[in-house]
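Undergrad: Sharing a structure below in C-alpha coordinates format, with a few things to ask.
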Number of protein chains: 2
Amino acid sequence: MGDEEGKPNPIMSSSCSSDQTLGALKPLRCIVKLGGAAITCKDELESINEENLRSVCAQLRQAMTPSKSPSPARVLGMDWSRRLGNPTVSTVDEFREQQALDLDSNFIIVHGAGSFGHFQASRSGVHKGGLDLPLVKAGFVATRISVTSLNLEIVRGLAREGIPSVGMSPFACGWSTRQRNIASANASQIIKALEAGFVPILHGDAVLDHLQDCTILSGDVIIRHLAQLLMPKYVVFLTDVLGVYDCPPTDPNAILLREIEVTEDGSWSIVKPKLPHAKKEGMPVTTVSP
Amino acid sequence: MGDEEGKPNPIMSSSCSSDQTLGALKPLRCIVKLGGAAITCKDELESINEENLRSVCAQLRQAMTPSKSPSPARVLGMDWSRRLGNPTVSTVDEFREQQALDLDSNFIIVHGAGSFGHFQASRSGVHKGGLDLPLVKAGFVATRISVTSLNLEIVRGLAREGIPSVGMSPFACGWSTRQRNIASANASQIIKALEAGFVPILHGDAVLDHLQDCTILSGDVIIRHLAQLLMPKYVVFLTDVLGVYDCPPTDPNAILLREIEVTEDGSWSIVKPKLPHAKKEGMPVTTVSP
(Lines of atoms letter the chains of each structure in order from A and count residues from 1; the text may use other names and numbers.)
(Lines give C-alpha, C1' and ligand atoms only; values in the text may rest on other atoms or scores of the structure.)
Protein backbone atom coordinates (compact mmCIF):
# COMPACT_ATOMS: atom_id res chain seq x y z
CA MET A 1 0.00 0.00 0.00
CA GLY A 2 0.89 3.63 -0.27
CA ASP A 3 1.52 5.30 -3.61
CA GLU A 4 2.30 8.99 -3.99
CA GLU A 5 -1.22 9.90 -2.89
CA GLY A 6 -0.99 7.68 0.16
CA LYS A 7 -3.47 5.27 -1.42
CA PRO A 8 -2.93 1.55 -1.63
CA ASN A 9 -0.78 0.48 -4.52
CA PRO A 10 -0.98 -3.15 -5.63
CA ILE A 11 2.46 -4.47 -6.33
CA MET A 12 2.76 -7.44 -8.62
CA SER A 13 5.61 -9.22 -6.95
CA SER A 14 5.23 -12.42 -8.90
CA SER A 15 3.04 -14.09 -11.43
CA CYS A 16 2.86 -17.48 -13.01
CA SER A 17 1.53 -18.46 -16.37
CA SER A 18 0.25 -21.92 -15.60
CA ASP A 19 -3.41 -22.57 -16.24
CA GLN A 20 -3.43 -25.70 -14.14
CA THR A 21 -6.89 -26.18 -12.70
CA LEU A 22 -7.94 -27.36 -9.26
CA GLY A 23 -9.93 -30.36 -10.32
CA ALA A 24 -13.13 -28.97 -11.81
CA LEU A 25 -12.42 -25.50 -10.41
CA LYS A 26 -11.41 -22.73 -12.73
CA PRO A 27 -7.80 -21.66 -12.17
CA LEU A 28 -7.31 -19.48 -9.12
CA ARG A 29 -7.06 -15.91 -10.30
CA CYS A 30 -5.21 -14.27 -7.49
CA ILE A 31 -3.77 -14.55 -4.01
CA VAL A 32 -3.67 -11.16 -2.33
CA LYS A 33 -1.48 -10.44 0.67
CA LEU A 34 -2.66 -7.59 2.85
CA GLY A 35 0.48 -6.57 4.70
CA GLY A 36 0.04 -5.86 8.39
CA ALA A 37 1.52 -2.40 7.83
CA ALA A 38 -1.08 -1.71 5.14
CA ILE A 39 -4.15 -2.28 7.27
CA THR A 40 -3.10 -1.48 10.83
CA CYS A 41 -1.36 1.38 12.58
CA LYS A 42 1.87 -0.42 13.35
CA ASP A 43 2.91 1.74 16.27
CA GLU A 44 -0.39 1.55 18.13
CA LEU A 45 -1.42 -1.75 19.77
CA GLU A 46 -4.42 -3.36 18.02
CA SER A 47 -5.35 -0.35 15.95
CA ILE A 48 -6.80 -0.77 12.46
CA ASN A 49 -6.04 1.81 9.78
CA GLU A 50 -9.72 2.21 8.92
CA GLU A 51 -9.14 4.49 5.95
CA ASN A 52 -6.65 2.15 4.32
CA LEU A 53 -8.82 -0.87 5.05
CA ARG A 54 -11.83 0.76 3.40
CA SER A 55 -9.72 1.75 0.42
CA VAL A 56 -8.23 -1.74 0.05
CA CYS A 57 -11.65 -3.40 0.24
CA ALA A 58 -13.09 -1.04 -2.37
CA GLN A 59 -10.13 -1.67 -4.69
CA LEU A 60 -10.48 -5.42 -4.25
CA ARG A 61 -14.15 -5.21 -5.13
CA GLN A 62 -13.20 -3.24 -8.22
CA ALA A 63 -10.63 -5.90 -9.15
CA MET A 64 -13.29 -8.59 -8.81
CA THR A 65 -15.90 -6.75 -10.88
CA PRO A 66 -15.94 -7.91 -14.52
CA SER A 67 -14.98 -5.00 -16.77
CA LYS A 68 -18.18 -5.21 -18.81
CA SER A 69 -20.39 -4.95 -15.73
CA PRO A 70 -22.23 -1.68 -15.17
CA SER A 71 -21.38 0.01 -11.87
CA PRO A 72 -24.02 -0.98 -9.32
CA ALA A 73 -26.30 1.78 -8.04
CA ARG A 74 -25.04 0.93 -4.60
CA VAL A 75 -22.93 -1.85 -3.16
CA LEU A 76 -24.95 -4.36 -1.16
CA GLY A 77 -23.06 -5.22 2.00
CA MET A 78 -22.88 -8.71 3.53
CA ASP A 79 -22.15 -7.66 7.10
CA TRP A 80 -25.60 -7.44 8.66
CA SER A 81 -24.44 -6.62 12.15
CA ARG A 82 -26.16 -4.60 14.79
CA ARG A 83 -23.20 -2.26 15.10
CA LEU A 84 -23.74 -1.04 11.55
CA GLY A 85 -27.07 0.40 12.61
CA ASN A 86 -30.11 -1.21 11.11
CA PRO A 87 -29.73 -1.03 7.34
CA THR A 88 -30.05 -4.74 6.96
CA VAL A 89 -33.74 -5.20 6.32
CA SER A 90 -33.63 -3.14 3.13
CA THR A 91 -30.33 -4.81 2.17
CA VAL A 92 -31.91 -8.24 2.57
CA ASP A 93 -34.80 -7.22 0.33
CA GLU A 94 -32.45 -5.84 -2.30
CA PHE A 95 -30.45 -9.08 -2.30
CA ARG A 96 -33.74 -10.92 -2.80
CA GLU A 97 -34.19 -9.07 -6.09
CA GLN A 98 -30.68 -9.84 -7.38
CA GLN A 99 -30.27 -12.66 -9.90
CA ALA A 100 -26.49 -13.02 -9.60
CA LEU A 101 -23.60 -11.46 -7.71
CA ASP A 102 -21.69 -10.61 -10.91
CA LEU A 103 -18.34 -10.78 -9.16
CA ASP A 104 -15.27 -12.79 -10.16
CA SER A 105 -14.42 -13.71 -6.60
CA ASN A 106 -11.91 -16.44 -7.41
CA PHE A 107 -9.42 -14.93 -4.96
CA ILE A 108 -7.73 -15.92 -1.71
CA ILE A 109 -6.76 -13.16 0.70
CA VAL A 110 -4.08 -13.62 3.34
CA HIS A 111 -3.30 -10.89 5.82
CA GLY A 112 -0.49 -10.18 8.23
CA ALA A 113 -0.84 -9.11 11.82
CA GLY A 114 0.59 -5.59 11.96
CA SER A 115 -0.12 -4.25 15.43
CA PHE A 116 -2.27 -7.30 16.27
CA GLY A 117 -0.67 -10.37 17.75
CA HIS A 118 2.95 -9.21 17.65
CA PHE A 119 3.01 -7.92 21.20
CA GLN A 120 1.37 -11.06 22.56
CA ALA A 121 3.58 -13.43 20.56
CA SER A 122 6.88 -11.72 21.16
CA ARG A 123 6.38 -11.14 24.90
CA SER A 124 5.55 -14.80 25.46
CA GLY A 125 7.90 -16.39 22.93
CA VAL A 126 5.23 -18.42 21.11
CA HIS A 127 7.57 -18.72 18.09
CA LYS A 128 10.12 -20.55 20.22
CA GLY A 129 7.59 -23.15 21.42
CA GLY A 130 7.31 -24.96 24.74
CA LEU A 131 3.63 -25.22 25.67
CA ASP A 132 4.51 -26.67 29.08
CA LEU A 133 5.39 -23.14 30.11
CA PRO A 134 2.26 -21.28 31.27
CA LEU A 135 3.62 -18.08 29.69
CA VAL A 136 3.84 -19.70 26.24
CA LYS A 137 0.41 -21.30 26.54
CA ALA A 138 -1.14 -18.01 27.62
CA GLY A 139 0.71 -16.20 24.84
CA PHE A 140 -0.62 -18.69 22.29
CA VAL A 141 -4.18 -17.98 23.45
CA ALA A 142 -3.62 -14.22 23.58
CA THR A 143 -2.00 -14.17 20.12
CA ARG A 144 -4.88 -16.09 18.57
CA ILE A 145 -7.45 -13.78 20.19
CA SER A 146 -5.63 -10.79 18.75
CA VAL A 147 -5.09 -12.08 15.20
CA THR A 148 -8.57 -13.58 14.91
CA SER A 149 -10.10 -10.28 16.02
CA LEU A 150 -8.19 -8.58 13.18
CA ASN A 151 -9.32 -11.33 10.80
CA LEU A 152 -12.93 -10.70 11.77
CA GLU A 153 -12.56 -6.98 11.09
CA ILE A 154 -11.07 -7.64 7.66
CA VAL A 155 -13.83 -10.13 6.81
CA ARG A 156 -16.34 -7.47 7.88
CA GLY A 157 -14.63 -4.79 5.79
CA LEU A 158 -14.66 -6.99 2.68
CA ALA A 159 -18.25 -8.11 3.32
CA ARG A 160 -19.36 -4.49 3.57
CA GLU A 161 -18.02 -4.12 0.01
CA GLY A 162 -20.16 -7.04 -1.09
CA ILE A 163 -17.27 -9.52 -1.26
CA PRO A 164 -18.43 -12.97 -0.04
CA SER A 165 -15.58 -13.43 2.40
CA VAL A 166 -15.20 -16.21 4.95
CA GLY A 167 -12.61 -16.22 7.73
CA MET A 168 -10.46 -19.37 7.86
CA SER A 169 -7.84 -19.54 10.58
CA PRO A 170 -4.88 -21.76 9.71
CA PHE A 171 -4.91 -23.20 13.25
CA ALA A 172 -8.57 -24.23 12.95
CA CYS A 173 -7.93 -25.55 9.43
CA GLY A 174 -5.40 -27.93 10.99
CA TRP A 175 -2.26 -26.36 9.57
CA SER A 176 0.82 -27.26 11.58
CA THR A 177 4.59 -26.99 11.36
CA ARG A 178 7.67 -29.07 12.10
CA GLN A 179 10.40 -26.87 13.53
CA ARG A 180 8.69 -23.85 12.00
CA ASN A 181 8.39 -25.29 8.47
CA ILE A 182 4.93 -26.26 7.22
CA ALA A 183 4.31 -29.92 8.04
CA SER A 184 0.61 -30.19 7.36
CA ALA A 185 -1.46 -27.71 5.43
CA ASN A 186 -4.66 -29.26 4.19
CA ALA A 187 -6.11 -26.84 1.67
CA SER A 188 -9.18 -28.94 0.85
CA GLN A 189 -11.56 -26.74 2.82
CA ILE A 190 -10.08 -23.63 1.21
CA ILE A 191 -10.65 -25.17 -2.22
CA LYS A 192 -14.23 -26.12 -1.30
CA ALA A 193 -14.90 -22.57 -0.13
CA LEU A 194 -13.55 -21.26 -3.47
CA GLU A 195 -15.68 -23.74 -5.41
CA ALA A 196 -18.72 -22.50 -3.50
CA GLY A 197 -17.93 -18.94 -4.59
CA PHE A 198 -16.48 -17.63 -1.33
CA VAL A 199 -13.26 -15.71 -0.79
CA PRO A 200 -11.23 -17.43 1.96
CA ILE A 201 -9.55 -14.94 4.30
CA LEU A 202 -6.51 -16.47 6.02
CA HIS A 203 -3.99 -14.89 8.34
CA GLY A 204 -0.70 -15.33 10.10
CA ASP A 205 -1.53 -17.47 13.13
CA ALA A 206 -0.19 -19.32 16.15
CA VAL A 207 -0.12 -23.01 15.24
CA LEU A 208 0.98 -26.35 16.70
CA ASP A 209 4.50 -27.53 15.87
CA HIS A 210 5.44 -31.23 15.85
CA LEU A 211 8.85 -30.70 17.41
CA GLN A 212 8.65 -27.58 19.55
CA ASP A 213 4.90 -27.70 20.46
CA CYS A 214 3.95 -24.41 18.83
CA THR A 215 5.16 -21.53 16.73
CA ILE A 216 4.01 -18.60 14.58
CA LEU A 217 3.06 -19.32 10.98
CA SER A 218 3.46 -16.13 8.98
CA GLY A 219 1.17 -14.90 6.22
CA ASP A 220 4.09 -14.97 3.78
CA VAL A 221 4.77 -18.65 4.41
CA ILE A 222 1.05 -19.39 3.97
CA ILE A 223 1.09 -17.57 0.63
CA ARG A 224 4.18 -19.37 -0.63
CA HIS A 225 2.56 -22.70 0.20
CA LEU A 226 -0.80 -21.82 -1.36
CA ALA A 227 0.86 -20.39 -4.46
CA GLN A 228 2.87 -23.58 -5.01
CA LEU A 229 -0.24 -25.69 -4.49
CA LEU A 230 -2.88 -23.70 -6.34
CA MET A 231 -0.81 -21.99 -9.03
CA PRO A 232 -2.70 -18.70 -9.15
CA LYS A 233 -2.38 -16.38 -12.11
CA TYR A 234 -1.16 -13.60 -9.83
CA VAL A 235 0.16 -13.11 -6.34
CA VAL A 236 -0.32 -9.50 -5.31
CA PHE A 237 1.21 -7.89 -2.23
CA LEU A 238 -0.36 -4.77 -0.75
CA THR A 239 2.09 -3.11 1.59
CA ASP A 240 3.02 0.32 2.90
CA VAL A 241 5.86 1.05 0.47
CA LEU A 242 5.88 1.51 -3.30
CA GLY A 243 7.32 -1.86 -4.13
CA VAL A 244 10.45 -3.99 -3.80
CA TYR A 245 13.68 -2.07 -3.12
CA ASP A 246 17.32 -3.04 -3.39
CA CYS A 247 17.71 -2.48 0.36
CA PRO A 248 15.35 -1.65 3.25
CA PRO A 249 13.11 1.20 2.03
CA THR A 250 13.81 3.15 5.21
CA ASP A 251 17.31 3.72 3.75
CA PRO A 252 17.17 7.10 1.93
CA ASN A 253 19.33 5.64 -0.86
CA ALA A 254 17.03 2.68 -1.44
CA ILE A 255 16.20 2.15 -5.12
CA LEU A 256 12.75 0.97 -6.20
CA LEU A 257 13.01 -2.07 -8.47
CA ARG A 258 10.66 -1.80 -11.45
CA GLU A 259 11.02 -5.30 -12.89
CA ILE A 260 12.34 -8.54 -11.48
CA GLU A 261 12.67 -11.61 -13.67
CA VAL A 262 12.06 -14.98 -12.05
CA THR A 263 13.19 -18.09 -13.89
CA GLU A 264 11.70 -21.59 -13.83
CA ASP A 265 14.17 -22.74 -11.18
CA GLY A 266 13.16 -19.91 -8.83
CA SER A 267 16.33 -17.82 -9.27
CA TRP A 268 15.77 -14.16 -10.03
CA SER A 269 17.48 -11.06 -11.36
CA ILE A 270 16.76 -7.36 -11.50
CA VAL A 271 15.78 -6.18 -15.00
CA LYS A 272 14.82 -2.54 -14.33
CA PRO A 273 16.40 -0.27 -13.35
CA LYS A 274 19.92 -1.29 -14.26
CA LEU A 275 21.76 -0.97 -10.98
CA PRO A 276 25.41 0.12 -11.01
CA HIS A 277 26.33 -2.57 -8.48
CA ALA A 278 23.45 -4.99 -8.75
CA LYS A 279 22.69 -6.21 -5.28
CA LYS A 280 20.80 -9.40 -4.69
CA GLU A 281 20.96 -9.23 -0.97
CA GLY A 282 19.14 -6.67 1.14
CA MET A 283 15.39 -6.80 1.50
CA PRO A 284 14.28 -10.37 0.97
CA VAL A 285 12.04 -10.87 -2.05
CA THR A 286 9.30 -13.46 -1.77
CA THR A 287 9.06 -15.20 -5.10
CA VAL A 288 6.84 -17.91 -6.44
CA SER A 289 8.10 -20.44 -8.92
CA PRO A 290 5.95 -20.57 -12.03
CA MET B 1 -28.57 -21.35 32.98
CA GLY B 2 -30.71 -19.75 35.61
CA ASP B 3 -31.38 -21.31 39.01
CA GLU B 4 -33.48 -19.69 41.70
CA GLU B 5 -30.92 -16.92 42.12
CA GLY B 6 -30.75 -16.32 38.39
CA LYS B 7 -27.26 -17.82 38.31
CA PRO B 8 -26.11 -20.43 35.82
CA ASN B 9 -27.08 -23.95 36.73
CA PRO B 10 -25.22 -26.81 35.12
CA ILE B 11 -27.63 -29.53 34.12
CA MET B 12 -26.26 -33.00 33.71
CA SER B 13 -28.35 -34.15 30.82
CA SER B 14 -26.35 -37.24 30.09
CA SER B 15 -23.23 -39.07 31.13
CA CYS B 16 -21.39 -42.11 30.01
CA SER B 17 -19.18 -44.41 31.96
CA SER B 18 -16.73 -45.42 29.26
CA ASP B 19 -13.09 -44.70 29.92
CA GLN B 20 -12.15 -45.17 26.29
CA THR B 21 -9.12 -43.07 25.52
CA LEU B 22 -8.30 -41.00 22.43
CA GLY B 23 -5.08 -42.69 21.51
CA ALA B 24 -2.56 -41.55 24.09
CA LEU B 25 -4.88 -38.79 25.32
CA LYS B 26 -6.52 -39.10 28.69
CA PRO B 27 -10.29 -39.57 28.36
CA LEU B 28 -12.18 -36.38 27.60
CA ARG B 29 -13.67 -35.15 30.82
CA CYS B 30 -16.50 -33.03 29.62
CA ILE B 31 -18.28 -31.41 26.71
CA VAL B 32 -20.08 -28.26 27.81
CA LYS B 33 -22.87 -26.69 25.79
CA LEU B 34 -23.37 -23.00 26.40
CA GLY B 35 -26.92 -22.42 25.23
CA GLY B 36 -27.48 -19.29 23.18
CA ALA B 37 -30.12 -18.21 25.68
CA ALA B 38 -27.61 -18.55 28.51
CA ILE B 39 -25.02 -16.17 27.16
CA THR B 40 -26.93 -13.70 25.00
CA CYS B 41 -29.97 -11.51 25.41
CA LYS B 42 -32.24 -13.41 23.06
CA ASP B 43 -34.59 -10.54 22.28
CA GLU B 44 -31.89 -8.02 21.41
CA LEU B 45 -29.90 -8.46 18.19
CA GLU B 46 -26.25 -9.38 18.85
CA SER B 47 -26.29 -8.60 22.54
CA ILE B 48 -24.20 -10.62 24.98
CA ASN B 49 -25.48 -11.21 28.50
CA GLU B 50 -22.20 -10.04 30.04
CA GLU B 51 -23.14 -10.92 33.61
CA ASN B 52 -24.11 -14.48 32.72
CA LEU B 53 -21.04 -14.91 30.52
CA ARG B 54 -18.75 -13.79 33.35
CA SER B 55 -20.52 -16.10 35.76
CA VAL B 56 -20.35 -19.09 33.37
CA CYS B 57 -16.64 -18.53 32.70
CA ALA B 58 -15.87 -18.29 36.41
CA GLN B 59 -17.83 -21.49 37.10
CA LEU B 60 -16.05 -23.30 34.30
CA ARG B 61 -12.71 -22.25 35.72
CA GLN B 62 -13.82 -23.57 39.08
CA ALA B 63 -14.86 -26.87 37.48
CA MET B 64 -11.41 -27.16 35.87
CA THR B 65 -9.50 -26.39 39.07
CA PRO B 66 -8.32 -29.55 40.86
CA SER B 67 -10.01 -29.73 44.26
CA LYS B 68 -6.71 -29.93 46.14
CA SER B 69 -5.38 -26.75 44.53
CA PRO B 70 -5.20 -23.65 46.68
CA SER B 71 -7.24 -20.72 45.37
CA PRO B 72 -4.93 -18.50 43.34
CA ALA B 73 -4.26 -15.02 44.72
CA ARG B 74 -5.64 -13.70 41.46
CA VAL B 75 -6.61 -15.25 38.19
CA LEU B 76 -4.11 -14.55 35.40
CA GLY B 77 -6.00 -13.70 32.25
CA MET B 78 -4.99 -14.82 28.75
CA ASP B 79 -6.71 -12.05 26.80
CA TRP B 80 -3.99 -9.43 26.46
CA SER B 81 -5.99 -7.03 24.33
CA ARG B 82 -5.75 -3.30 24.14
CA ARG B 83 -9.41 -2.91 25.00
CA LEU B 84 -8.81 -4.38 28.44
CA GLY B 85 -6.63 -1.42 29.27
CA ASN B 86 -2.97 -2.16 29.74
CA PRO B 87 -2.72 -4.75 32.49
CA THR B 88 -0.83 -7.12 30.30
CA VAL B 89 2.77 -6.32 31.10
CA SER B 90 2.37 -7.29 34.74
CA THR B 91 0.29 -10.31 33.70
CA VAL B 92 3.05 -11.47 31.35
CA ASP B 93 5.60 -11.18 34.13
CA GLU B 94 3.39 -13.12 36.54
CA PHE B 95 2.96 -15.90 33.97
CA ARG B 96 6.73 -16.00 33.65
CA GLU B 97 6.94 -16.94 37.34
CA GLN B 98 4.36 -19.73 37.10
CA GLN B 99 5.61 -23.31 36.87
CA ALA B 100 2.33 -24.90 35.75
CA LEU B 101 -1.22 -23.86 34.98
CA ASP B 102 -2.73 -26.33 37.48
CA LEU B 103 -5.94 -26.62 35.53
CA ASP B 104 -7.67 -29.79 34.32
CA SER B 105 -8.67 -28.26 31.00
CA ASN B 106 -9.64 -31.51 29.29
CA PHE B 107 -12.91 -29.95 28.12
CA ILE B 108 -14.59 -29.03 24.85
CA ILE B 109 -17.02 -26.12 24.86
CA VAL B 110 -19.70 -25.71 22.20
CA HIS B 111 -21.95 -22.69 22.17
CA GLY B 112 -25.18 -21.80 20.45
CA ALA B 113 -25.95 -18.55 18.68
CA GLY B 114 -28.71 -16.92 20.74
CA SER B 115 -29.26 -13.46 19.33
CA PHE B 116 -26.21 -13.84 17.04
CA GLY B 117 -26.64 -15.32 13.60
CA HIS B 118 -30.32 -16.21 13.83
CA PHE B 119 -31.54 -13.02 12.18
CA GLN B 120 -29.02 -13.31 9.35
CA ALA B 121 -29.65 -17.02 8.78
CA SER B 122 -33.42 -16.95 8.94
CA ARG B 123 -33.88 -13.85 6.77
CA SER B 124 -31.71 -15.32 4.02
CA GLY B 125 -32.71 -18.97 4.30
CA VAL B 126 -29.16 -20.33 4.67
CA HIS B 127 -30.58 -23.54 6.20
CA LYS B 128 -32.48 -24.25 2.97
CA GLY B 129 -29.37 -23.93 0.80
CA GLY B 130 -28.94 -22.64 -2.73
CA LEU B 131 -25.71 -20.64 -2.92
CA ASP B 132 -26.50 -19.54 -6.47
CA LEU B 133 -28.94 -17.08 -4.94
CA PRO B 134 -27.12 -13.88 -3.94
CA LEU B 135 -29.39 -13.60 -0.89
CA VAL B 136 -28.30 -17.02 0.42
CA LYS B 137 -24.63 -16.37 -0.28
CA ALA B 138 -24.79 -12.99 1.47
CA GLY B 139 -26.72 -14.57 4.34
CA PHE B 140 -24.04 -17.26 4.70
CA VAL B 141 -21.35 -14.57 4.98
CA ALA B 142 -23.44 -12.44 7.37
CA THR B 143 -24.30 -15.44 9.55
CA ARG B 144 -20.65 -16.46 9.85
CA ILE B 145 -19.60 -12.92 10.74
CA SER B 146 -22.21 -12.85 13.48
CA VAL B 147 -21.54 -16.28 15.02
CA THR B 148 -17.75 -15.92 14.81
CA SER B 149 -17.95 -12.55 16.55
CA LEU B 150 -19.86 -14.26 19.39
CA ASN B 151 -17.29 -17.07 19.40
CA LEU B 152 -14.50 -14.53 19.78
CA GLU B 153 -16.26 -12.91 22.74
CA ILE B 154 -16.70 -16.27 24.46
CA VAL B 155 -13.07 -17.20 23.85
CA ARG B 156 -12.12 -13.82 25.34
CA GLY B 157 -14.38 -14.35 28.36
CA LEU B 158 -12.89 -17.78 29.07
CA ALA B 159 -9.34 -16.53 28.47
CA ARG B 160 -9.89 -13.72 30.97
CA GLU B 161 -10.61 -16.47 33.51
CA GLY B 162 -7.29 -18.10 32.68
CA ILE B 163 -8.82 -20.91 30.59
CA PRO B 164 -6.57 -21.68 27.58
CA SER B 165 -9.35 -21.47 25.03
CA VAL B 166 -8.99 -21.55 21.25
CA GLY B 167 -11.79 -20.74 18.81
CA MET B 168 -12.43 -23.44 16.21
CA SER B 169 -15.17 -22.75 13.68
CA PRO B 170 -16.75 -25.92 12.24
CA PHE B 171 -16.75 -24.36 8.77
CA ALA B 172 -13.00 -23.65 8.93
CA CYS B 173 -12.39 -27.12 10.42
CA GLY B 174 -13.93 -28.54 7.23
CA TRP B 175 -17.14 -29.86 8.74
CA SER B 176 -19.87 -30.30 6.17
CA THR B 177 -23.30 -31.86 5.83
CA ARG B 178 -25.31 -33.89 3.34
CA GLN B 179 -28.91 -32.73 3.36
CA ARG B 180 -28.35 -31.24 6.80
CA ASN B 181 -26.87 -34.41 8.38
CA ILE B 182 -23.17 -34.40 9.20
CA ALA B 183 -21.25 -35.79 6.23
CA SER B 184 -17.71 -34.87 7.17
CA ALA B 185 -16.54 -33.85 10.61
CA ASN B 186 -12.84 -34.30 11.00
CA ALA B 187 -12.09 -33.95 14.69
CA SER B 188 -8.35 -34.51 14.38
CA GLN B 189 -7.49 -30.84 14.91
CA ILE B 190 -9.82 -30.68 17.91
CA ILE B 191 -8.05 -33.72 19.39
CA LYS B 192 -4.63 -32.18 18.73
CA ALA B 193 -5.72 -28.98 20.45
CA LEU B 194 -6.88 -31.02 23.46
CA GLU B 195 -3.61 -32.94 23.53
CA ALA B 196 -1.74 -29.64 23.56
CA GLY B 197 -3.73 -28.58 26.63
CA PHE B 198 -6.14 -26.16 24.96
CA VAL B 199 -9.91 -25.98 25.32
CA PRO B 200 -11.49 -25.97 21.83
CA ILE B 201 -14.44 -23.58 21.58
CA LEU B 202 -16.83 -24.59 18.78
CA HIS B 203 -20.14 -23.09 17.76
CA GLY B 204 -23.21 -23.51 15.63
CA ASP B 205 -22.11 -22.40 12.17
CA ALA B 206 -23.08 -22.00 8.54
CA VAL B 207 -21.44 -24.88 6.64
CA LEU B 208 -21.30 -26.34 3.14
CA ASP B 209 -23.80 -29.08 2.29
CA HIS B 210 -23.09 -31.71 -0.39
CA LEU B 211 -26.62 -31.72 -1.74
CA GLN B 212 -28.12 -28.31 -1.08
CA ASP B 213 -24.90 -26.22 -1.15
CA CYS B 214 -25.12 -24.95 2.43
CA THR B 215 -27.04 -25.16 5.67
CA ILE B 216 -26.84 -24.39 9.39
CA LEU B 217 -25.05 -26.89 11.62
CA SER B 218 -26.38 -26.49 15.15
CA GLY B 219 -24.37 -26.69 18.34
CA ASP B 220 -26.52 -29.61 19.51
CA VAL B 221 -25.69 -31.68 16.41
CA ILE B 222 -21.99 -30.88 16.89
CA ILE B 223 -22.19 -32.07 20.49
CA ARG B 224 -23.98 -35.29 19.60
CA HIS B 225 -21.29 -36.06 17.03
CA LEU B 226 -18.38 -35.21 19.33
CA ALA B 227 -19.91 -37.14 22.20
CA GLN B 228 -20.28 -40.28 20.08
CA LEU B 229 -16.73 -39.89 18.81
CA LEU B 230 -14.86 -38.86 21.95
CA MET B 231 -16.96 -40.54 24.67
CA PRO B 232 -16.61 -37.85 27.32
CA LYS B 233 -17.34 -38.61 30.95
CA TYR B 234 -19.98 -35.88 31.03
CA VAL B 235 -21.99 -33.75 28.65
CA VAL B 236 -23.24 -30.67 30.49
CA PHE B 237 -25.79 -28.23 29.12
CA LEU B 238 -25.95 -24.70 30.48
CA THR B 239 -29.23 -23.13 29.52
CA ASP B 240 -31.71 -20.54 30.77
CA VAL B 241 -34.12 -22.94 32.47
CA LEU B 242 -33.68 -25.26 35.43
CA GLY B 243 -33.44 -28.44 33.43
CA VAL B 244 -35.37 -30.77 31.15
CA TYR B 245 -39.16 -30.50 31.38
CA ASP B 246 -41.96 -32.75 30.21
CA CYS B 247 -43.16 -29.98 27.88
CA PRO B 248 -41.88 -26.54 26.86
CA PRO B 249 -40.89 -24.75 30.08
CA THR B 250 -42.88 -21.68 29.06
CA ASP B 251 -45.98 -23.78 29.81
CA PRO B 252 -46.98 -22.98 33.43
CA ASN B 253 -47.82 -26.66 33.97
CA ALA B 254 -44.42 -27.87 32.80
CA ILE B 255 -42.85 -30.37 35.21
CA LEU B 256 -39.10 -30.40 35.81
CA LEU B 257 -37.67 -33.89 35.29
CA ARG B 258 -35.20 -34.81 38.00
CA GLU B 259 -33.81 -38.04 36.57
CA ILE B 260 -33.86 -39.57 33.11
CA GLU B 261 -32.51 -43.05 32.51
CA VAL B 262 -30.80 -43.70 29.19
CA THR B 263 -30.18 -47.29 28.14
CA GLU B 264 -27.41 -48.74 26.00
CA ASP B 265 -29.56 -48.60 22.87
CA GLY B 266 -30.25 -44.89 23.34
CA SER B 267 -33.88 -45.23 24.47
CA TRP B 268 -34.79 -43.34 27.61
CA SER B 269 -37.41 -43.10 30.33
CA ILE B 270 -38.28 -40.68 33.10
CA VAL B 271 -37.33 -41.99 36.56
CA LYS B 272 -38.11 -38.95 38.75
CA PRO B 273 -40.65 -37.58 39.30
CA LYS B 274 -43.19 -40.27 38.57
CA LEU B 275 -45.50 -38.58 36.12
CA PRO B 276 -49.20 -39.43 36.16
CA HIS B 277 -49.31 -39.67 32.37
CA ALA B 278 -45.69 -40.12 31.45
CA LYS B 279 -45.08 -38.16 28.29
CA LYS B 280 -42.16 -38.87 26.05
CA GLU B 281 -43.03 -36.26 23.49
CA GLY B 282 -42.85 -32.55 24.09
CA MET B 283 -39.52 -30.82 24.45
CA PRO B 284 -36.91 -32.88 22.65
CA VAL B 285 -34.23 -34.31 24.90
CA THR B 286 -30.75 -34.57 23.50
CA THR B 287 -29.24 -37.77 24.77
CA VAL B 288 -25.91 -39.43 24.35
CA SER B 289 -25.54 -43.18 24.22
CA PRO B 290 -22.98 -44.51 26.67
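Sequential numbering from 1, following the chain as shown.
Positions of Cβ are set from backbone N, Cα and C atoms, glycine also.
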Undergrad: Taking B:Gly219, B:Gly243, B:Gly266 as the options, which does TrEMBL list with B:Ala113, B:His118 at the substrate site?
TA: B:Gly219
Undergrad: Given the binding-site residues B:Gly114, B:Gly219, which one is most crowded in terms of C-beta atoms within 10 angstroms?
TA: B:Gly114
Undergrad: Please work out the mean pLDDT for the residues of the domain 'Aspartate/glutamate/uridylate kinase' (B:100-266).
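TA: Mean model confidence (pLDDT) across the domain 'Aspartate/glutamate/uridylate kinase' (B:100-266) is 94.
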Undergrad: Determine which residues of the same chain, besides B:Ala113, B:His118, B:Gly219, have their CB within 8 A of the center of the CB atoms at the recorded substrate site, and list them by sequence.
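TA: Neighbours found: B:Gly36, B:Gly112, B:Gly114, B:Phe116, B:Gly117, B:Val147, B:His203, B:Gly204, B:Ile216, B:Ser218.
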Undergrad: Can you tell which of B:Lys42, B:His118 has the least company, meaning the fewest other C-beta atoms within 10 angstroms of its C-beta, among these recorded positions?
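TA: B:Lys42, out of the recorded positions B:Lys42, B:His118, has the fewest neighbouring Cβ atoms within 10 Å.
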Undergrad: Within 10 Å of the Cβ of B:Ala113 (substrate binding site), how many other Cβ atoms can be counted across all chains shown?
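TA: By my count, 27.
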Undergrad: Give me the CA-CA distance between B:Gly114 (ATP binding site) and B:Lys42 (site 'Transition state stabilizer'), in Å, as a whole number.
TA: 5
